[in-house]
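Pulled from TrEMBL:
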- C:2-302: domain 'Phosphofructokinase' (DOMAIN)
- C:103: Mg(2+) binding site (BINDING)
- C:126, C:127, C:128, C:163, C:170, C:171, C:172, C:223, C:271, C:277, C:278, C:279, C:280: substrate binding site (BINDING)
- C:128: active site, proton acceptor (ACT_SITE)
């Protein structure tokens, strides 16, 4: 079998570990893995392919990024996209395709299977840990560790200067990174997209702490968190930002607004750190390498068993697979863990 | 309620995170946590106790070690041990006791509950991840990360010099650390206590690699791994070591013997690294801090619910509890994962 | 002798290492170190003092922050500041004072010596490495390492997505951190306050790289760097920012403006990371701990030798001292090193 | 000009940074760098060479190891070594050679220049920092950081268990790594090859600490340190080891002997960690990358200026060059720094 392997969507620590594991497993049974470059573009354009032999996948386990590169190419959106995919399958047929990507990628993968009948399997990928149907995705542990290291460093500087420190972490639709790094970093407040937090609650937390003699606070906020105000909604304030002519919406997001409001209301000096893309690059943690490796082997095994139309998944601590059609929407945080975290607020 | 919290047995990253979480949760409901110093010795000797107020448990989340210190004191083995525990309960009564420790500690905790009727709950602790009844223990992730970082560093030096590198990691009775760090570090062989590996197999692996042009190999070996020889057992060779007058059994363990044998049989230069206690000290990873925090909150909740005689556990990705009497023996590695790792050997 | 030790100005990794070393050295000769809390406020207010005995300075070598806390209190600016300092010296006399701080702190220290005749010695401190008269300050190495780790992580994500990544690092008056982390991180452009760089130069660099097939670029920019435009100055653009009602000047600094301009002119997707306070907190590197320790011992030795009115310094790789009055202005970067870095631009 | 670049001797973090910088600098002036593989073997065997074009030296700045591989091939020791070098120069002439290596490599480089008249320049390399004529060598900072990280981790475990921890670090002929990591890690004793330390002194230190209530100690020992006994020399004890049939001399070195003796004499539990090759592999620190880059650029500049027979050096914080013939013997530690460290012993 000739098996295409591709990575689509954003960068994520562990992509190379999946590619290596899938390729090595396939080679061990005599199959031929081939890298499809730039995500699904490599499925549509046969010249965008590379051999994934033993040499190509050596020494890449610990590297960030992806050796087959990535893109957000969507054959169902591109002009002639589906036609080009089918033509490429005619001229340069693949016996199976492993699509590594996030929610949107899995949606493409599902349609390729259902509508075009292509022999595909999916591997979930996102630092945000919000893919439905799998307990953890690789890349998440690394992102949490990077954010936690940053919070550790901010702690000493917050303490020395009686400051409120706001750390904006990734998480547009879900607050997994904020929740885990907030607990691991000992945050005094955690804002996630799943739940509205009012400025008044945060102000109360900070004041409770100061009354106890703790003159600094750390607030971790997911980039997609909503800030509510008693009696009004954050959207109004956020909306006014969108007109900014210098593109500061990108940086001047929820963290900046929150900082502004807290400083105004508590009188404490406030500093904002936006971690940004450092959370999604670089060497994966050991945990992510193990998980990514296991997903890669599973995907190869699924290909060899003909289990198409399914995605590798971690369920109750076991590697298994689920139908691609079940991968729908965004997996919210575990609210029980957020309740536990509240023990430490204020 | 006045609740004693103790840590017993070896050092483990995350102990302070458990203490902090349990203490904060208890205080949030108006209870009074107290630290029992030097493990179960603090239960027998009331003068070995410290207040665990808000101040005492502040700023310790990320610290290695344990603020209440530890020991291997066993009241059932010490002269008058049981009598002193009961006398201390009379003079300085505790309404509940949280015992954080490994398999042997949980065995003591179980007997304190069953034989003496003490109101105890257990929290599993070991970097080795071999406590029965729980999927993961805190400290394990940190130990695996430390070992993986070391293997990453050894890789470049192995490659530059055409060497066989042997890394001896902790794991007297189980090979969890070797298995995970071996996969994460891209090892070419992993030796665990659960399964005998013959020298001949390893020699074959190394030679296979060299035939493919890969002139270096990394072998990860758990300290408790057994080395077999075709036709004879390792025990004979290990036995001869015990007479060594300079105490080299400690260092001259399985890694050294393996290195000696491989160098002799393959002709390749071999170097041995014994990671030792760096695996059990220092700052816990983010993952271990989250897990330890969750165990601490669960233990406090168990105390408040009167669920005595049970141990906090992680089962199928959920925090729950199991009877202390079920915590018996050693949890072996997941053999499925070891099978997966073999894809990368040679 | 009773010797006051204080830290003033911003947080800096290594402060505790200086305090510990000075205190231990003084105690080894029978003297009595005392911590002055909140910078020079502790000199004016005798109730803001703590004993620095053996126990107080144990276990702090590797901790970020400062156990004696810090502030920007300036006795020459505060109402009755000088009077309160002199009164405190009457009521609670100190035989010597060690002032650890940056340029402004050293200026205060110099005046305390010259104008009030106080027996003071200085220790240079700044992550920016821009104190005149000393080759390196502690904290700088840590800041450079933190920035370099971030750039390493951004590299893989830049590569996977064909992006221009801008990293804004600290350095209001000098570009040392940008220069060193830029070289260590393999930057394709480095902007420092000492030299104006035009947008046109950077655009040319990025285009040169793309013509060579390198589809990503990393630009490191000091927060105080000036961005010039052919025919006009950056100030105009920066000025318009100051009216922003949400305080975005803090975040929407040079990095954001640069990103905006580069994206507009090159058409490449641009992402901005503002590292902020993570650069000044947390555990110091080994190098910073050694340097800080050496400064602390030197300061104690200066006190014991009666060398007042001077600052410990590292000159030509030797620990020595210079007159406080020589510590004037800002030490610019080594322009030779910037020339060397240009070999790698484009 | 066609310029050969080679790395000889042991692995060292920063080698690739030197290669990249020298190659990029040479290319920027239109010259042609070529990699000589396996150290000086590549000078004798023209088939062991690789092009060092822009692509070859991209993305290697942060990688440990060396892309041109290394060996201890010595043309003056190999049969026909000199003849083969001269023949290769005839058939595949190089206009200059950059030899990156330690003391022995520089000795070869000097002879190639003096005896054979080859146009060579040297770059000092050793994690041990003991090359004469240069203040610091790249790789040293990384080795010190790795050792310090390990000591940090051992601290918590030492504290929790009332133990003496012995850390054996690299340094066969000089104690630089032991000295710097000992200070940075807060060691209570540092043993270096340059000075004999008696067991009795160490025992006194440990007992002094315990009398002060500090129930643990950390001793850092260079692998080449000599252990003296009042009235006798260590050599006798070491000598008896050499007969060990299992090769334990490698592991059962000074650390193990010291541990044995201290445990016997103090009664405290002692644990030994031998860091080994983790100190010489892996990603270089930011400081080492900057230093290595500067050496690489200097070497290229020396080639282009025709300054042959010299070695790049860091003297008084400036990059310069010295005659290869001055590079003789081993640079001992700075004894002043060792004196400073003694403030912290006991």
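Heads up, the Cβ atoms here are built off N, Cα and C, so glycines get one too.
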At a 10 A cut-off on CB-CB distances, which of the binding-site residues C:271, C:280 has the highest count?
C:280
Starting from the Cα of residue C:103 (Mg(2+) binding site), work out which of the binding-site residues (C:126, C:170, C:172, C:271, C:278, C:280) are within 10 Å.
C:126
Once the chains shown are all counted, how many other Cβ atoms turn up within 10 Å of the Cβ of residue C:170 (substrate binding site)?
26
Of all listed binding-site residues, namely C:128, C:170, C:172, C:278, those lying near chain A with CB under 8 A:
C:278
Sequence-distant neighbours of residue C:278 (substrate binding site) in its chain (C-beta under 8 A, six or more apart):
C:146
With every protein chain in view, what's the tally of Cβ atoms within 10 Å of the Cβ of residue C:128 (substrate binding site), excluding that atom itself?
28
Please give me the CB contact count at 10 A for residue C:126 (substrate binding site), counting all chains in the structure.
28
Cβ atoms near residue C:172 (substrate binding site) (within 10 Å, other residues, all chains):
13
Rounding to the nearest whole angstrom, report the longest C-alpha distance spanning C:126, C:127, C:128, C:163, C:170, C:171, C:172, C:223, C:271, C:277, C:278, C:279, C:280, listed for substrate.
33
Using DSSP, would you call residue C:271 (substrate binding site) helix, strand or coil?
strand
Using DSSP and three states only, what is residue C:278 (substrate binding site)?
helix
Using all protein chains in view, find how many other C-beta atoms are within 10 Å of the C-beta of the residue listed as 'Mg(2+) binding site'.
20
